[in-house]
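Undergrad: Here you go, one structure.
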Amino acid sequence: MHYYRYSTAEVSCWYKYLLFSYNIVFWLAGVAFLAAGLWAWSEKGVLSDLTKVTGLHGLDPVVLVLVVGVVMFTLGFAGCVGALRENICLLKFFCGTIVFIFLLELAVAVLAFLFQDWVRDRVKEFFENNIKSYRDDIDLQNLIDSLQKINHCCGAQGPDDWDFNIYFNCSSESKSREKCGVPFSCCIPDPAQKVVNTQCGYDVRKKSKSQWQDQIFVKGCIVALEAWLPRNIYIVAGVFIAISLLQV
């Protein structure tokens, strides 16, 4: 295979091995992400039945881990080999992809700021779809539980959003024991309890709404996230700048 490489290239060894060192860490991180994602899929039996991926209507967090792993693995490999071999094609691919990702991040940030209502509607729709699939995937379930516990929230706009899930739905046809309830992550934690009560949300929504706030969080997660962002705007900006500087 023919590739472009200057025979008289004079590249600083310091810069060359600095770029290689940075990318070997990046590449190894990609390998770790891929290994973790494939292990999680094997534990869930997805590798033996790939239809389980398309059968889940919500987000499977493992897919996100695998995508990040593939991107990091590919870029790390291109950067390592390109730096060591001074391969112009690989270095151009590496540079071009980094620039594309940076511009994509910048465009998403600007559009999210300009079209906040549209973004809010998409986040609401995304959250509701994942509520429907809450019991279908253990990783998705853990992700939603963590989000609700950390932000002291329940559902997208409120606890009634759990009607989207067949297990928590209040319809008369439902035979689930969790009928008209909410997940335990919606419950206000009791400091005296050392063991998590996973049944604390049972039948909560059968009570009047004025009684909910004594037992569960009544604030929706979208509202909670909107309130969290202004309080932590400097942290978010700092993370974005740090990532941008690494890419540059």
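Here the Cβ of each residue, glycine as well, is placed from N, Cα and C on the backbone.
So TrEMBL says this about it:
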- 20-41: transmembrane segment (TRANSMEM)
- 62-84: transmembrane segment (TRANSMEM)
- 90-115: transmembrane segment (TRANSMEM)
- Cys153-Cys186: disulfide bond (DISULFID)
- Cys154-Cys170: disulfide bond (DISULFID)
Undergrad: Other than its own, how many Cβ atoms are within 10 Å of the Cβ belonging to Cys153 (disulfide bond)?
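TA: If we count other Cβ atoms within 10 Å of Cys153 (disulfide bond), we arrive at 26.
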Undergrad: Tell me which residues of the chain lie with their Cβ under 8 angstroms from that of Cys186 (disulfide bond), as long as they are six or more apart in sequence?
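TA: For Cys186 (disulfide bond), the qualifying residues are Gln148, Cys153, Cys154, Gly155, Pro159, Trp162, Gly201, Val204, Ile216, Phe217.
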Undergrad: Non-local Cβ contacts of Cys170 (disulfide bond) (under 8 Å, 6 or more apart, same chain)?
TA: Asp163, Lys179, Cys180, Arg205, Lys206
Undergrad: Quick one: give me the count of other CB atoms within 10 A of the CB of Cys154 (disulfide bond).
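TA: Excluding its own Cβ, Cys154 (disulfide bond) sees 27 Cβ atoms within 10 Å.
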